[in-house]
């Protein structure tokens, strides 16, 4: 167990660690005592038909959803819905390499097994069914890796997902996006302080984490973000101040093995694993009313990649969000971002299914 | 002097090393004995008005121009023009950190001074005037950093440049592109084998050079390049084979300090240094007939960045090249690439000025 102040209630507020038992994994091996960090908002109604599931993205947690996306002024309104944010396995809050202790000690650090998008979805389904008694979801939505999990839900459990809203993510990862994640991984793996995954403090990997932050600076935002100096609106005085005051501290606070666990899954997100590689067949299984919501300046999941998948989903709609921040528009920094998201999610939730 | 087989006539065919004497630099310091690698094609006519100058891009040399762009079937036709390809300072062939010996020994390796785009252009002007007796150029063209030098020529020496064709590059580098170059630099700088610039063989920096190759894989090409598996047309059987058989060997053959020398200049390309930061004023100086030629899928120098500059150049035209390879379309791999370049350059050369 490595002490990391980032993965605490101090930083992440209220959440519960809920055990779902042993979780066997697609790649082999298992997590002996799989615990999911879960934050809920609102109340499950008696019919248990007002539940919304939100899986998390790479490096992210339930926190950004709580702070930016969920509230009485948003489509994700806790007065109407029971909203369940589940932190993905390996995100530092749920069972992760650096916090694997006790019965999980055998999978600590470099011994942590490979976890796929599908493993997360299986874990979430078990959590919802066994812990909350939820059999069907009014909506599954998430950004980036959360979109990957949303697609996985809609394909793997079509009867359980009434509506789906994958934001800034794809159902089958593209090779270009695989390579993007790879250079982010290499930034960490190349740091001698990483030490094959057996560091004793994440601060030993600060160089690699910083380099990764810089790669996010390039690919997470758009060239227009930098050209227009959008960081000024975030109250930074210079590009360097934004890097050293925001991007670098954001990523260097995190656990390197947690990031590597997540990016391994990110690289391999692919619903067509259910259909022998046939993406059209996989997406053809979806019965959820689906809004595909890419961000126009996203370099990781470009609109054309998202649109090509949307066309394979029956009755779906393409809803493009405009945001010069690009992929990291997901942070909901631009004042024009959440109104677009809210409109799309509200439209989707208003559709009777 | 480090022996590197890549920077030899074996790899680069015929070229001359031409000394232009001591070169004082904008950032201070000087190159005591500045030698430029120069490859020429065709014959200078008596009027000395058929000369075309081609400066090189980051990591590139005259070789790609010789092999792909110049010939009797191309607009850059040696039967009509005297074509002078000048390798930029620090590109490994011209005076560079790893080949600085003799009177240049004081600037070897980590002692190599900072060289700007403007220093290269000053050196080239001196070379053309003193060595070839050329006072005016029918055309200056180049890709990427070659485009930066083309713009610098047209702004610094407007009377000497009749036509200008910057391809896939900008007159003033954008902050986003600065950051792209920075993550490429960090890939090298973070390799312990780089040793503060004092390695004894470039092979000691193979890890950093490999990581840089992977970053080029992401940003140099487009996501569509990878999605469409365009590498198959280059006769590779898999993405990994393309990486290990092409991109990695290409960059790991090079000298790390040479790449760092070039990228430092690349990051700071800016013609508005002549006009106190006023880009419109700088571009307003251009009297050359100018075709601005971006590549539609270029992530480093997006069309919109090039178009914004083109609008500031009197009588200029925007000629967008379509190429799914993106920035590295400059390698002229796609069969549809050179016909577009040739058409634009031929159109430009046909204009009486």
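The backbone N, Cα and C atoms fix where each Cβ goes, and this holds for glycine too.
Automated prediction, rather than curation, is the source of TrEMBL annotations.
Per TrEMBL, these features apply:
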- B:60-324: domain 'AB hydrolase-1' (DOMAIN)
- B:144: active site, nucleophile (ACT_SITE)
- B:298: active site (ACT_SITE)
- B:327: active site (ACT_SITE)
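The separation of residue B:298 (active site) from the residue listed as 'active site, nucleophile', Cα to Cα, is 10 Å. Here the domain 'AB hydrolase-1' (B:60-324) has a mean pLDDT of 98 out of 100. Residue B:327 (active site) is 4 Å away from residue B:298 (active site) when you measure Cα to Cα. On its own chain, residue B:327 (active site) has B:144, B:168, B:219, B:220, B:221, B:295, B:298, B:299, B:300, B:301 as residues at least 6 apart in sequence with a Cβ closer than 8 Å to its own Cβ. Secondary structure from DSSP puts residue B:144 (active site, nucleophile) in coil.
The DSSP secondary structure for residue B:298 (active site) is coil.
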